[in-house]
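Here is the structure we will look at, set down as C-alpha cells.
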Ligand code: 2RA
C-alpha cells in the first residue's frame, strides 16, 4: 500500500506513524505530508528516512490511502482532491463527520457499512469513540434510552501547545497559553467553542456523533471538561436502558467485546486511569455499578488514550479493514 500521512509532524500524526509501524500496516511506500514549513524535512519510519512533501505533490503520487490529521480547513480543501485522484481518505477532523454522504466509522461497530465507493471516511471525535465502543454491545442487549456523560479530558486533545502550557505552569514558567485560563491546578468546563444552545461544540459532537454511529433515538446529554492530565480522556457515563440488566452480565458483555478491557475490582482498587491507558489501544471500562436512584440504569467509568483509540488507532483500524476487505 502506498499511504500518505497528512499532518505527519503533528501530535496525532506522530502517534499515527507509531501505530502504523507497531501494527505492521502493509506500507510499501510512505508519503509524509505536512505544512509548507516542514516540506523537505525528514521523518523516520521503521528505521527508514522519508522526506516530507506538500499536499499537491502527495495528491500527484496517487496513494491508495491518505490518513488526515491536519485540521478541518485542510481536510475540506484537500480531501476531495485526494479522492478525485482515486485515494481513499480517512479523516480525523470534524470536517466530514456530520456530512450525510460520508460514513462515521468505529470499526468494531460499523466498519461493515464501508464500500469501495467511500472515498472520504470520517473518524469520530475522541471522546465519542471511547464512549460508543462501550455503549454499542449494551445497546444491542438492553436498548439504551438515555445517556448522561461527563468527561475529564487530557490536554493532548488540544495539542502540543496545551501540553506545553501545562508543563510551563507546572514549572512556574510564563509562556504561551493554549487556554484562556491556567490548566495546572485547574479544571476548565469548556472544550471548543459554545454553540447557540449553551453547550460546547465538543458536547454536541458527543450527542450528534452517537446518534449517527449508534442510534438517533438515544437521548444523550454531555458536559465536557478539560483537566490537567496527559495520557487519556476519562468519562463518567450514566446509562438508562429500556430493559433490565444484571451487573455481572454487563461486565461479561464488555469483557467479550473486542477493543475493550474491563478493569473492575473494587477489592483490589482496580479501575481505569489515564496513567494506565496511555500508550495502549484499548478502551478501559470499570466502576460498573447499578444506579440505585432509578430503574434499569447503570453507571460506569471509561478511559482511553485519546491520541490512540480516540484518533490514530481508530483511523489505522479503518485502513486495516479497507485492506482486508479489498476496498482500496
Ligand atoms: C479534545 N476532542 O480533546 C478534542 C480533540 N479532538 O479537545
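Numbering starts at 1 and runs along the chain as displayed.
For all residues, glycine too, the Cβ spot is worked out from N, Cα and C.
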Out of 306, 325, 326, which does TrEMBL tie to the same NADP(+) site as 9, 10, 11, 12, 37, 38? 306
97, 126, 153, 226, 233 filtered to the recorded positions whose C-alpha is within 10 Å of residue 37 (NADP(+) binding site): none
Checking the contact step here: among the recorded positions 11, 12, 38, 97, 233, 306, which have a Cα within 10 Å of the Cα of residue 153 (substrate binding site)? 233, 306
How many neighbouring Cβ atoms, not counting its own, are there within 10 Å of the Cβ of residue 37 (NADP(+) binding site)? 9
Other C-beta atoms within 10 angstroms of the C-beta of residue 38 (NADP(+) binding site) total 18
